[in-house]
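> So TrEMBL lists these for the protein:
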{"type": "BINDING", "residues": "B:Cys118, B:His126, B:Cys141, B:Cys144", "note": "Zn(2+) binding site"}
{"type": "REGION", "residues": "B:40-62", "note": "region 'Disordered'"}
Amino acid sequence: MNLTLKKFQVHPFHLVAPSPWPILVSFSVMSIMLTLVFNMHGFMHNNYWVVFSAIVAIMTMALWFRDIISEATYLGDHTLAVRKGLNIGFILFVVSELFFFIAIFWAFFHSAMAPTIELGGVWPPVGIEAIGPSELPLLNTILLLCSGATLTWSHHALLGGNRFNTLLGLILTIALAVTFMICQYMEYSNAPFTISDGIFGSVFYFGTGFHGLHIIIGIIMLGVSLWRIYTYQLTNNHHVGYETSILYYHFVDVVWLFLYIVFYWWGT
Amino acid sequence: MFALRRSLLSAGRIARPQQVARFSSASALLQHKAVKPAEKLSEVTGPESLIGTSAAPGTVPTDLEQETGLARLELLGKMDGIDIFDLGPVIRPQHSVKGTPDDPIWVPTYDNSRIVGCSGTPHGSHEVQWFHAGVDKVGRCDECGAVYRAYELGADEEAPHH
C-alpha cells in the first residue's frame, strides 16, 4: 500500500478555515432585529434599512451555504464523522424549533383553557367567528399529509438510485407545499378577524403565521435539494442536506397536525 | 471561502507547472482526467487520485463514483475494511508489554508533542493518566511507568496553518 499518513490528515474532522461569513451574518441579523424594532416604534424612512439588512443576510447566507456545498461535494471535507456532527447539530436545531412551537401552544392554551371575563368567559371569545376544522384547514391538512408521502417516495427513490422518481416526487412535494401556502393566503385574506382582534387573533396568527414561515423555509430547503439532485451533486448514500431538509419538512408537517387539532378543531 | 482558495492553490501545486498553465480555470483543473480516480485503497497515490468522476447522465451517482478527497479516502478504506483515521486507543496486542525508554509506545503528532492518556498494560488496568509525550522528550505514566514517545506527521514542505 503506497498510502502514507504524511499525505493526508490523520483525523476525520473538518477544521474550518477563516471565513468572512459568520461575522457578516451576525451583523446583518442584528441589523434586521434593530431595524424591525425601529419600525415597530414608528421610526420614519426605516423600511429601506429593514429591506437592506434582509438582503445582506440572505446574500451572506447564500454565499456561506455555497462554500459549505463546495467543501462537501467538491473538496470531500465531509467524512462520516463530519456528517454525523452535521446531523446531530441539525437535530438540536429542530429540538429548539420544537420548543419554540411549544411556547406558542402554551400561549394558546393559557388563554383558551380559562378564558377571562373580558373574553366573555368563553373560547373562542365573544364576537369572534373562528375558522372551523371542516373548512379550508381540512384541505390544507390533506395537502401537507400528501406532501409528506411524496417526499418519502422521493427519498426512497434516491436511496434506490431512481433519478426520475426522485425528481418527480420532490417536485410534487414542493408543488403541494406551495399550494398549501396559497390556501393559507386565501384563508388569511378571507378571515373575519385580524391579528389585532384581541388574544384570539394574536395567538391564531402567531401560531399559523410562524408555521407558514417554516413551510416557506422548508420549500426553500427542498428547492435547494432539488437543484442539487438535478445537478448530480447528491449521491444515493451521501446527501446530508436532503436528509436534514426532509427532517425539517416532516417536523413542520407534524406541527401543522397539532395546529389543526388545537387551533382549528378543539379551539373552535 | 479561504479554504476553497487554499485548496485550489494546493491543487495547483500538485499539478505539474505546464498543466497549471494549460487550464484556464480551477474547475477545468478539477475536471482534468489525466489521473484516474482511485477505486481501491491500493490505487491511491496522492490527493490528485482522490478526485471522483461524475455519474452517467440520468442516473443517481454512487459514493464510489463521486466521493472526493478525504471522504473518498475514508470510503476506500472502509471498502477494504480499514479505518484510515484509526481513532481507537493505541493497543499493542503483538507484545503486551508496556513502553520502555528503549522501546516506547509511538504516538503520531502534528506538533512536537502530544497529550496522551495511559490506562496501563494490559489496556484498562488503571485510571487514565494524562501527560505530554514529546518528540525529543519521552512521556512517562505516573501510575505504571509506561513510556510514550511522539513522532511527527504532516506534510514535509508545508506546516499546517492553523
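Cβ atoms here come from the backbone N, Cα and C positions, even for glycine.
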> Starting from the Cβ centroid of B:Cys118, B:His126, B:Cys141, B:Cys144, the recorded Zn(2+) site, name every other residue in that chain with its Cβ within 8 Å, sequence order please.
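Result: B:Lys98, B:Ser119, B:Gly120, B:Thr121, B:Ser125, B:Gln129, B:Asp142, B:Glu143, B:Gly145, B:Ala146.
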> Taking every protein chain in this structure into account, which of the binding-site residues B:Cys118, B:Cys141, B:Cys144 has the most other Cβ atoms within 10 Å of its Cβ?
B:Cys118
> Once the chains shown are all counted, how many other Cβ atoms turn up within 10 Å of the Cβ of B:His126 (Zn(2+) binding site)?
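I count 14 other Cβ atoms within 10 Å of it.
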> For the region 'Disordered' (B:40-62), what are the DSSP-based totals of helix, strand and coil residues?
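Split into helix, strand and coil, the region 'Disordered' (B:40-62) gives 7 helix, 0 strand, 16 coil.
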